[in-house]
């Protein structure tokens, strides 16, 4: 469905031409525990506010004017006294949340440690053509089932992290220029029990350097992930990896912590960063060409996409391709 075909329930505009001038006011106006979709159209502009879609605010949809046009921005960080969890510019818990055409940013900067742009703990949440801009801990895929399609994610350290069941499909993941003596790590998945059906699935994505990193690529090492928790689970499937990825591919968290219990897989990736000949030799890591091993990480199997995503009117494929 084209954005123009979706009729919003309320409009947010900085210039007063809508129903509200802040996103937060529009969220507050949504009926609690709604089974019907409530659409908030957020007109182009930069909204400097912290937005909380709590568990009572179900089936909300944010529609913006596109990446780089509609911005929600904040700068909370751990250095400035917030917890990682509370540092998020936008936090979503209400089930059935959809965002489309919005840039979420935490502009605290690379010296402020953890500073989250968006945290999702919303089951059945989906993000289409959105961007997530930060440095350390940009995108907190906190918990439950979530889907990201045609999104751009920018960061430095552990910038896609958490313990959701998350699939990123056809997204662009960009490592930025960190501080001196810092490394870039795309993921830090937080599964702490082998029975949890959680993980980060990177499917048919581009793994690349952001514009500010390109001229200084040789000064910084960049890795696909590191194990935040003991049973960390992350897969890169059919993705295109630029040359920024260190030949080892993956980084330890602390000594040999989790190296036997983690589950990291690479499957049929392409590009100069996908060369696996010098990869780590941890017991929990493997390169696989076995489709039956990775089929569990598709939208259909990993997050049961056929039960909910197909009604969201956003492009999705349930299988590997």
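Positions of Cβ are set from backbone N, Cα and C atoms, glycine also.
Other Cβ atoms within 10 Å of the Cβ of residue 137 (active site, proton donor), summed over all protein chains shown, number 27. Among the features that Swiss-Prot reports, active site, proton donor is placed at 137.
Here Swiss-Prot flags 158 as active site, nucleophile, drawing on sequence analysis. Residue environment of residue 158 (active site, nucleophile) contains 25 other Cβ atoms, counted within 10 Å of its Cβ in all protein chains.
Taken from Swiss-Prot, the feature substrate binding site covers 84, 114, 226, 228. Secondary structure from DSSP puts residue 228 (substrate binding site) in coil.
Taken from Swiss-Prot, the feature disulfide bond applies to 151-171, supported by similarity to another entry. Counting only same-chain residues six or more apart in sequence, the Cβ atoms lying under 8 angstroms from the Cβ of residue 171 (disulfide bond) belong to 148, 149, 150, 151, 152, 153, 202, 205, 206. Residue 171 (disulfide bond) falls outside any helix or strand according to DSSP and counts as coil.
Residue 75 (N-linked glycosylation site) has a Cβ environment of 18 other Cβ atoms inside 10 Å. Here Swiss-Prot flags 75 (among others) as N-linked glycosylation site, drawing on experimental evidence.
Residue 275 (N-linked glycosylation site) is surrounded by 14 other CB atoms, counting those within 10 A of its CB over all protein chains shown. According to Swiss-Prot, the feature N-linked glycosylation site maps to 275 (among others), an assignment based on experimental evidence.
What Swiss-Prot records for 290 (among others) is N-linked glycosylation site. Cβ-based neighbour count (10 Å, all protein chains) for residue 290 (N-linked glycosylation site) stands at 10.
Look at Swiss-Prot and you will find 319 (among others) tagged as N-linked glycosylation site, backed by experimental evidence. Mapped onto three states, the DSSP output places residue 319 (N-linked glycosylation site) in coil.
The annotation N-acetylthreonine is assigned in Swiss-Prot to 1 on the grounds of experimental evidence.
Annotated site 'Not glycosylated' per Swiss-Prot: 19, in sequence order. Cβ contacts within 10 Å of residue 19 (site 'Not glycosylated'), excluding its own Cβ and spanning all protein chains shown: 16.
Among the features that Swiss-Prot reports, site 'Transition state stabilizer' is placed at 136, with the record citing similarity to another entry. Look at residue 136 (site 'Transition state stabilizer'): DSSP puts it in coil. Taking all protein chains in view, 30 other C-beta atoms sit within 10 angstroms of the C-beta of residue 136 (site 'Transition state stabilizer').
Of all the recorded positions listed here (84, 319), the one with the fewest other CB atoms within 10 A of its own CB is 319. Note: residue 226 (substrate binding site) has non-local neighbours 158, 185, 187, 188, 232, 250, 251, 252, 253, i.e. same-chain residues 6+ apart with C-beta under 8 A of its own C-beta. Here residue 228 (substrate binding site) is positioned 14 angstrom away from residue 136 (site 'Transition state stabilizer'), judged by their C-alpha atoms. Note: the substrate site is recorded as 84, 114, 226, 228; in the same chain, 136, 137, 157, 158, 161, 188, 190 also have Cβ atoms within 8 Å of that site's Cβ centroid. Taking a C-beta cut-off of under 8 Å and a sequence gap of six or more, residue 114 (substrate binding site) has these contacts in its own chain: 77, 78, 84, 87, 136, 137. Residues near residue 228 (substrate binding site) in space but far in sequence (CB under 8 A, at least 6 apart, same chain), listed by position: 158, 161, 188, 189, 190, 253.
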